[in-house]
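Per Swiss-Prot, the features are as follows:
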| type | residues | note |
| --- | --- | --- |
| ACT_SITE | ASP6 | active site |
| ACT_SITE | GLU67 | active site |
| ACT_SITE | ASP142 | active site |
| BINDING | ASP6, ASP142 | Mg(2+) 1 binding site |
| BINDING | GLU67 | Mg(2+) 2 binding site |
Amino acid sequence: MIMGIDPGTLVSGYAIILVEQRYKIRAHSYGAIRLSSKDSLTQRYKQLFQTLSGVLDNVTPDAVVLETQYVHKNPQSAIKLGMGRGVLVLAAALRDIPVFEYTPNVAKRAVVGKGNASKQQVQLMVSKILNIPDVLNSDCEDIADAFALAICHAHTSAYTCLGVR
């Protein structure tokens, strides 16, 4: 099982896939952690940690995959996102779940075939690969990105070394 997470300070999408064979992948579960902009950052980080911890207490993936931090035009936004990513990494690390990172371009290439694919193209391909029409909804972009990260990891040698073929 692989969990992909598309981190955000207001919405973090997560998606868990089952890899039955190297190219036979099924969706297990998915969702979005939606936080209120009215809450303080401290409260949001706490809620993010508690919600993801609850998911990880129910399902223990072999790996957690995050989108790598990118340089943001606004340094404050990058710092806030980095802190949120840290909370997500901690939730996995406390359960001894290995954490991997991929750039958005690598994840898009794994799913769509090109690194500069639009969010809609990622949604469409994730929907087709996993047969999940819900992912096409406009409020599911973060979930589709999380699935793309998980699928990307499933196609790497790092995951096949875990014994899944």
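Every residue gets a Cβ built from N, Cα and C, even glycine.
Reported as a whole number, the C-alpha separation between ASP142 (active site) and ASP6 (active site) equals 6 Å.
Long-range Cβ proximity for ASP6 (active site), meaning a same-chain Cβ under 8 A and a gap of 6 or more residues, is found for SER12, GLY13, TYR14, GLU67, ASP142, ILE143, ASP145, ALA146, LEU149. Look at ASP142 (active site): DSSP puts it in a helix.
ASP142 (active site) counts 24 other C-beta atoms within 10 Å of its own C-beta, drawing on all protein chains shown. For GLU67 (active site), other Cβ atoms within 10 Å of its Cβ number 24.
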